[in-house]
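Structure, as structure tokens:
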Ligand code: KIV
Ligand code: ZN
């Protein structure tokens, strides 16, 4: 009987990194490699050592520092590439040399200018050379998805005879469909006589959005290694996303005949965030598994269902990937039930307020504000309408000096504070911090900036910058948003909106104290 474990081979640092706008530093690659090791990845493809001295050094450093995962490096079927892999990897606890050549007619004729026999011999020689350095040799038939099946069977058989222990079948251009790709793997198992001497691996690109489906189809036909990348990074539309394929295997293990991976699911969310931040590749909010919306429920009907039984709209828990916070968004689409539960969680007994009244005011606020937070709801409960809408802090004027080579970023902010005009100046590590310091002094509210995010709304020179900030104040999270064509002004507005939320919260605390 075949082993049920699926080996997870991560190529974030090779296929993923080669597709980034700017390459990563050695230290950044090492941080990602250690996070992947922590995630329980079986094989980390660390880079392509012959491609540059920087890549060589990064692979070497990862090889030195990673202890539990196998560290792998890529080479063409060329002696100097294979030797460079060995030189970079030899310090590792466990290492693998991965060598590849294209096998489709199109690639052989137009790219390599070689015939199939020449390709076959180059592959055999490269595998044998790599086997002088290690038993753990992987061979990939690039563009296998478009390789005639007779040639594919032949080269797989010969590669195994030459000593490859893993044979990788890439759908390099993301062209195949799940049924078709599964049939390729099935054919290999039926037709290659020595197939049981190697692990069959797959490496699917996502050009038609099929990477995860194709990988799952392949393991149903006997493949036992999946090559993937965190957040689906990789050439063009990317590789099979690690988080998707791993959670699909976990969630549908019964359908998949008990197949499993050794990935520590609870580390998925934080690894995704780290990779997104280091690679400067934000994850879209609707991205499966790791998008910020992936576990959020917005519509009233969905929220009502989830509150009654979360399985109505959740096939896995956010906790299973390491997210602990509540993902119920309060928007104008939220129903009464949601608002009542939120008030329950805040500690308000149902007989202490009129739900119809709070809900009607909530809807008005949600129409104006978009997303409503729990502290906004408390403001509705405690503050009269004009108090609730009244802004404690308003930006009146902003002046910033910043520059390069020794210029100290300095800001001066004029604000109206409960109707009175006040001005402060401050320096900072950058203009945004200088503005934040001014506003902190003016409001006399000390909070911790936990998250600062800037995104473009629109394109071209008149695009607006939207700044979203999260701060922590007395153990609670507050959110602020600012929008302007000037990103420093958007930052100031975001800070002021979050300080206004805290100001309202302090007013509520006062009202509660006086009432008690
Ligand atoms: O997509 C591909 O074919 C590759 C190989 C080098 C495995 O990345
Ligand atoms: Zn690839």
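Backbone N, Cα and C define each Cβ position, glycine as well.
What you are looking at is a predicted structure, and each value in this text was computed from that prediction instead of being measured.
According to TrEMBL:
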{"type": "BINDING", "residues": "15, 203, 205, 239", "note": "Mn(2+) binding site"}
{"type": "DOMAIN", "residues": "6-265", "note": "domain 'Pyruvate carboxyltransferase'"}
{"type": "REGION", "residues": "394-516", "note": "region 'Regulatory domain'"}
Suppose the Mn(2+) site is 15, 203, 205, 239. Which further residues of the same chain have a Cβ inside 8 angstroms of that site's Cβ centroid?
11, 170, 172, 204, 206, 211, 227, 228, 229, 234, 235, 238, 240
Out of 203, 205, which of the binding-site residues has the smallest number of neighbouring Cβ atoms within 10 Å?
205
DSSP composition of the region 'Regulatory domain' (394-516), residue counts helix/strand/coil, works out to 42 helix, 53 strand, 28 coil
In all the protein chains shown, the tally of other Cβ atoms within 10 Å of the Cβ of residue 239 (Mn(2+) binding site) is 33
Residue 15 (Mn(2+) binding site), DSSP three-state class -> helix
